[in-house]
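*Asks:* Pasting a structure here, questions to come.
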Amino acid sequence: MAKLTVKDLDLKGKKVLVRVDFNVPLKNGVITNDNRISAALPTIKYIIEHGGRAILFSHLGRVKEEADKEGKSLAPVAKNLAEKLGQEVIFPGSTRGAELEAAIDALEDGQVLLVENTRFEDIDGKKESKNDPELGKYWASLGEGIFVNDAFGTAHRAHASNVGISANVEKAVAGFLLENEIAYIKEAVETPERPFVAILGGSKVSDKIGVIENLLEKADKVLIGGGMTYTFYKAQGIEIGNSLCEEDKLDVAKSLLEKSNGKLVLPVDSKEANAFADYTEVKVTEGEAVDTGFLGLDIGPKSIAKFDEALTGAKTVVWNGPMGVFENPDFQEGTIGVMDAIVKQPGVKSIIGGGDSAAAAINLGRADKFSWISTGGGASMELLEGKELPGLAALTEK
């Protein structure tokens, strides 16, 4: 990666501004999954072990008005991080002002301070999300010309806390997480060891058009599963019953199939039910067609076998999007089958592109078997599309 990284800097005695991604799920003030906090530890530890004074910025959820602040404070995150680091995390509870500035000025080498949720600045004119120049300049002024971006999850957005700070410091560099994310995903797509197989699931073709187009050029095979299967089916005149279908994307699906040169691999059967939630009957379709009054909610056993065969010998696999409604035990076999088919390939570099696929791997006990699980759904999708990420573009060149 031709950008400066945290290892290229002298950090001792410096106030180091760090954008992390602590956008973790909270239920009644309790963090239900702290993976993103753990993912930021290597960079934070490196800074404090090298005598830097770490000043951390993160958003949490969406905040549009005063009422949205309820339950969106980073206070529980500060507590969790302090436990993980084994030291105090100073939390003034504000995004600007005299109290925050005094706390930063009082920092000693090796100490950590967490600024309050950056999106609290969105209440007045979306200053964070719209990259307000004054806010970026103010936050940059809290440090000493050094900014470390370690938030891959927001790298596809130009916000005041990433692009805004970057524009107002002498050196904007990548943290270890950002560096790894880019290395794994970009290298997999740009210079993969072959055979390179991409697997795309999820419900909407519209979310994945750019990704499918880019990967059809780069991958040896692109396997399609999940709800978007049925838009591809209908585009070919296959009966889909009550299955999910994007009627306005039938032409796109048809054109993708036509230009795929056989690289696009679709399921050959489905697990169908007579309703999404309160169903009374679940069965496997005979072939591709879904029965009248039923909807496809997972790929079927023949499809799992077909995908297993398509993955045989693969050296690079990128997977984004589950094969079915994996949260329901009745419709998780497809996702499990595909995960198992990926991880059993000898010497495979296996990458999960964040979002629901990451949740599936974690919830279904397969996370430790993958080479890399991305922390950013939207950002990894844009990398897979071949787009440049604003948060990355704003970093200083080596």
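Start at 1 and count along the chain as shown; that gives each residue its number.
Note: Cβ is positioned from N, Cα and C throughout, glycine not excepted.
So Swiss-Prot lists the following for this protein:
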BINDING   Asp21, Phe22, Asn23, Arg36, His59, Leu60, Gly61, Arg62, Arg119, Arg157  substrate binding site
BINDING   Lys208, Gly296, Glu327, Gly354, Gly355, Asp356, Ser357  ATP binding site
*Asks:* Please report the DSSP secondary structure of Gly354 (ATP binding site), reduced to three states.
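*Replies:* In three-state terms, Gly354 (ATP binding site) counts as coil.
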*Asks:* Using C-alpha atoms only, work out the spacing between Gly354 (ATP binding site) and Asp21 (substrate binding site) and round it to an integer in Å.
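*Replies:* Cα-Cα distance, Gly354 (ATP binding site) to Asp21 (substrate binding site): 13 Å.
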*Asks:* By CA distance, which of the binding-site residues (Lys208, Gly296, Asp356) lies nearest to Gly61 (substrate binding site)?
*Replies:* Asp356
*Asks:* Roughly how many angstrom lie between the C-alpha atoms of Asp356 (ATP binding site) and Asn23 (substrate binding site)?
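*Replies:* If we compare the Cα positions of Asp356 (ATP binding site) and Asn23 (substrate binding site), the gap is 15 Å.
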*Asks:* Specify the nearest of the binding-site residues Gly296, Glu327, Gly355 to Arg119 (substrate binding site), where nearness means the distance between Cα atoms.
*Replies:* Gly355
*Asks:* Rounded to the nearest angstrom, how far is the Cα of Asn23 (substrate binding site) from the Cα of Gly296 (ATP binding site)?
*Replies:* 33
*Asks:* By CA distance, which of the binding-site residues (Lys208, Glu327, Gly355) lies nearest to Asp21 (substrate binding site)?
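*Replies:* Out of the listed candidates, the nearest Cα belongs to Gly355.
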